[in-house]
Amino acid sequence: MWFLILFLALFLGGIDAAPPVQSRIIGGFNCEKNSQPWHVAVYRFARYQCGGVLLDANWVLTAAHCYNDKYQVWLGKNNRFEDEPSAQHQLISKAIPHPGFNMSLLNKDHTPHPEDDYSNDLMLVRLKKPAEITDVVKPIDLPTEEPTVGSRCLASGWGSTTPTEEFEYSHDLQCVYLELLSNEVCAKAHTEKVTDTMLCAGEMDGGKDTCVGDSGGPLICDGVLQGITSWGPTPCALPNVPGIYTKLIEYRSWIKDVMANNP
């Protein structure tokens with residue numbers, strides 16, 4: 001089962017013992033404090049839902065399948081439960097999913113099918129007021145060049161450090177290094193569609209991965225933001241089954257146009 005599908009089951013159905021969606025970095029480590037100042041925590045009401053990326057003082061990029069009707073975000077967080085004076089809480093004025101993302105895939109009664117296409121899994125979220133850019137809250141640039149297969153990539157997120165569905169969440173922001181693989185590797189590993197607007201990254205030996213709720217968080221390859229977490233298998237971190245990320249170089253023009261046309 002894809003962790004995106006698990007995301008939907010938890011988000012729509014809920015779990016008594018845990019928030020409906022949580023990040024899960026497998027085989028990672030505590031990120032150095034304030035080393036990921038562009039990483040955003042996206043909440044629905046007071047429940048953590050997804051990751052995101054700060055693109056400028058007004059805009060956050062996340063996954064389209066993280067769409068909800070009651071957003072709030074935290075910027076500059078390291079530990080989700082500690083009072084961190086340098087962190088910033090923000091409300092949202094609008095959310096704009098990519099028009100090519102099939103929102104019907106998010107319906108509660110949707111039955112997953114191998115022909116489902118989760119391309120265009122990205123969404124822009126505008127803050128109600130500009131973020132204050134500081135040492136711990138900083139935007140990151142969009143890519144200007146294609147990523148290179150074999151690159152060393154860094155993914156980050158909050159949550160479980162185990163690959164099962166036990167939801168043992170981490171309080172601290174976790175980081176994990178992954179290898180950028182060819183899309184052919186992911187096409188062989190998954191029965192679902194892997195398209196040219198996706199990136200394939202993981203550890204072929206298993207044990208390192210992103211998973212449920214890391215959706216929308218950054219994939220930074222050789223120091224450049226190249227993707228955001230989209231979908232993958234559960235359990236996470238299986239051998240020979242890398243994860244899928246939205247390929248941002250394919251959407252640079254759309255992102256820039258939306259930001260320019262919604263001042």
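Just so you know, glycine gets a Cβ as well, placed from its N, Cα and C.
Of the cysteines Cys50, Cys66, Cys153, Cys175, only one is given by Swiss-Prot as the disulfide partner of Cys31: Cys175. Within the set Cys66, Cys153, the cysteine that Swiss-Prot bonds to Cys50 via a disulfide is Cys66.
Note: Cys175 (disulfide bond) has non-local neighbours Ile25, Gly28, Phe29, Asn30, Cys31, Ser35, Gln36, Leu154, Ala155, Ser156, i.e. same-chain residues 6+ apart with C-beta under 8 A of its own C-beta. When secondary structure is read from DSSP and collapsed to three states, Cys31 (disulfide bond) falls in the coil class. Neighbours of Cys186 (disulfide bond), defined as other CB atoms within 10 A of its CB across all chains, total 22. Neighbour density for His65 (active site, charge relay system): within 10 A of its CB lie 25 other CB atoms from the protein chains shown. Least crowded of the disulfide-bonded residues (Cys31, Cys211, Cys236), judged by neighbouring Cβ atoms within 10 Å of its own Cβ: Cys31. Cα proximity to His65 (active site, charge relay system) (within 10 Å) is found for the following recorded positions from Cys153, Cys186, Ser215: Ser215.
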